[in-house]
């Protein structure tokens, strides 16, 4: 319920359009630090093709490296679908989805890694179908805000496909091994309430309130320490992501150390051609 003392969280959001040059996505930013990437292929339930993923990767990189952006929202155009996975009409015979030149891609795996390793929180804003590869995309996002018309599930085994990476292992971490096997082996579909009960989504709201609620969650996170958020994201990912997860966590620790006087003493001593003096720093237990 809205707190009347905190109207800023519910203030209307003003999006600036940065979609020029894109054909398959829409890209917007707000002045208060939120970026929104929208899959814009409603005629195919926002299924992605190689061009779609290429554009998402480009926009995502822009949002990641924009120091004014603190949270990234991923969504689909319209109320009928978040994303229905890979566009089977362009799926080829040589291990991927064909682009216009005939080259086969599975570049959605690169986009999954981008979401996972981005130091900024990524929020899936889901209305309608989040199916197949679209279901995996929303799971990999840090948070999922779902409309009451959202439908979740995997279709891979029905169309000769599967995701044996995060789509399987991370799902099992969220819903448990038995439920994950049910979702994959039976290819059933689940409504928003069922998804909430399984822990697949964070909250469910009426469709008319979906963007408003998503923005509220984003603004709440923007009030918190960005370094704390990035370190927590890396820490929460590390147990699932193996050495890559540990690398991300360690990289954040290195970044923090570089900000300390102790870390800067070593750098300064090297540049000043003198021996470093670390004796002034406490050796805490």
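Numbering starts at 1 and runs along the chain as it is shown here.
Glycine is treated like the rest: Cβ placed from N, Cα and C.
Taken from Swiss-Prot, the feature substrate binding site applies to 45, 84-88, 97, 129-133, 155, 161, 258, 273, supported by sequence analysis. Of all Cβ atoms in the protein chains displayed, 26 besides its own lie within 10 Å of the Cβ of residue 132 (substrate binding site).
Residues or ranges marked as site 'Important for catalysis' by Swiss-Prot on the basis of sequence analysis: 97 (among others).
The hydrogencarbonate binding site annotation in Swiss-Prot covers 154, 155, 156 and rests on sequence analysis. According to its DSSP assignment, residue 156 (hydrogencarbonate binding site) is helical. Cβ neighbours of residue 156 (hydrogencarbonate binding site) (same chain, under 8 Å, six or more residues apart in sequence): 132, 162, 163, 184, 187.
Sequence annotations record features per position, and here Swiss-Prot assigns site 'Important for catalysis' to 258 (among others) based on sequence analysis. Its own atom aside, the Cβ of residue 258 (substrate binding site) has 11 Cβ atoms within 10 angstroms in the protein chains shown. Mapped onto three states, the DSSP output places residue 258 (substrate binding site) in helix.
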#### Entry: residue 130 (substrate binding site): secondary structure state under DSSP, collapsed to three categories
strand
### Task
Excluding 154, 155, 156, please set out which residues of the same chain place their CB within 8 Å of the center of the CB atoms of the hydrogencarbonate site, keeping sequence order.
85, 131, 132, 135, 153, 157, 158, 159, 161, 162, 163, 184, 187
### Task
Determine the most Cβ-crowded residue among the binding-site residues 45, 85, 87, 130, 154, using a 10 Å radius around each Cβ and all protein chains in the structure.
130
### Query
So for residue 155 (substrate binding site), how many other CB atoms are inside 10 Å of its CB?
20
